[in-house]
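Trainee: Got a structure for you, written out below as structure tokens; questions coming shortly.
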Amino acid sequence: MKRTIIMMLDSFGVGASADAASFGDVGSDTFGHIAKACAEGKADIGREGPLKLPNLARLGLGHAAMESTGAFAPGFGDNVELIGAYGHAQELSSGKDTPSGHWEMAGVPVLFEWGYFSEHQNSFPKELTDKILARAGLDGFLGNCHASGTTILEELGEEHMRSGKPIFYTSADSVFQIACHEETFGLDNLYRLCAITREELEPYNIGRVIARPFDGTGSSDFARTGNRKDYSLAPPAKTVLDKLNEAGGEVVSVGKIADIYAYCGITKKVKANGLEALFDATLAEVKSAGDNTIVFTNFVDFDSHYGHRRDVAGYAKGLEYFDARLPEMLALLGEDDLLILTADHGCDPTWQGTDHTREYVPVLAFGAGLKAGSLGRRKSFADIGQSIASHFKLEPMAYGESFL
């Protein structure tokens, strides 16, 4: 029985990539800087001491990062019995965003330029927002700027509740984000507004509209809920997910994967929120998955809760939780199963600002006859998609080289 399990540690980069200068990210290193902070006692909130990831280390994380940066991260070294194949991959795509990373690893790199709202204030064209408001029956909106999602709730959440005006904001990514209170504005109304916005954005080539629902009674206790929804463009070509689907296989999305691929190629969507629930759901789906199935999970908390919020201790604690549960996954794998752990970009919690960082991503692979050892530097995330195509004996993808 052949299956592939992809565990996407969203934003878990392993060092600045060769083209990082073009993004202002030279020196960024999500994994390395977390390990360094832990070793120096600077990440002892909710956890303490050096970063402890013994299972990821056995799969080759420390070695992959060493090959990426030229040095082992603090607390990681050669004194580990490797069980997995490891490498690090350069992104071909033009951006360092979520859709680009996901699409590329499924065999479809983004070789065009996304549209962006580059102005930090008055970010959105008036003709665009006028059309959105008219169609939605709204008389105004708040925000219209680049912002951190948590900060903008503190600044504008109470005014939003009083006025009923949605909060529009963006970032360095190709994204239009809309924050609304689940109770006072209504979740269905937010989703309808996002669907309208997605349609009106067609001429602008914006990658995603993101619904950002929140709850709470005031600025001191506003919090995002688990009902986020992404409205992505569809990939410009068939991904390996589509090809397996067309060949009669199954593709199970856990978390936000289905949204990122605009449901293309997805046969089942499983909703889960938080690291524990996402891991539980992934294990449950692997237990029930049959032959010719991909189970694909995005562990978004690493990015949304820890990377963007520059929470080093939280990121470290999340990684240690994830690592502690990996033996549960390994115990479910058959000899023909392929497990891949990777990331879609970096988001160094020690870096300036709140945006993603252009980094190499780890490629940790286990099973399917792979021998423990180095896969080297992969020229594209698409090597993952090509390897999956090879594993299932599908028609080769246009991009990528298989490491199987």
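Just so it is clear, glycine is given a Cβ too, placed from its N, Cα and C backbone atoms.
Reproduced below are the annotations present in Swiss-Prot:
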- Asp10, Asp344, His345: Mn(2+) 1 binding site (BINDING)
- Asp303, His308, His356: Mn(2+) 2 binding site (BINDING)
Trainee: What's the CA to CA span in angstrom from His356 (Mn(2+) 2 binding site) over to Asp10 (Mn(2+) 1 binding site)?
Mentor: 10
Trainee: Excluding Asp303, His308, His356, which residues of the same chain place their Cβ within 8 Å of the centroid of the Cβ atoms of the recorded Mn(2+) 2 site?
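Mentor: Neighbours within 8 Å of the Cβ centroid, excluding Asp303, His308, His356: Asp10, Ser11, Ser304, Gly307, His345, Cys347, Thr354, Asp355.
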Trainee: Please list, in sequence order, every residue of the chain apart from Asp10, Asp344, His345 whose Cβ lies within 8 Å of the Cβ centroid of the Mn(2+) 1 site.
Mentor: Met8, Ser11, Phe12, Thr98, Gly101, His102, Asp303, Ala343, Gly346, Cys347, His356, Val361
Trainee: Using Cα coordinates, what distance in whole Å links Asp344 (Mn(2+) 1 binding site) and His308 (Mn(2+) 2 binding site)?
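Mentor: One finds 14 Å between the Cα atoms of these residues.
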Trainee: Which of His308, His345 has the fewest nearby Cβ atoms, counting only those within 10 Å, among these binding-site residues?
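Mentor: Taking His308, His345 as the binding-site residues, the minimal 10 Å Cβ count falls on His308.
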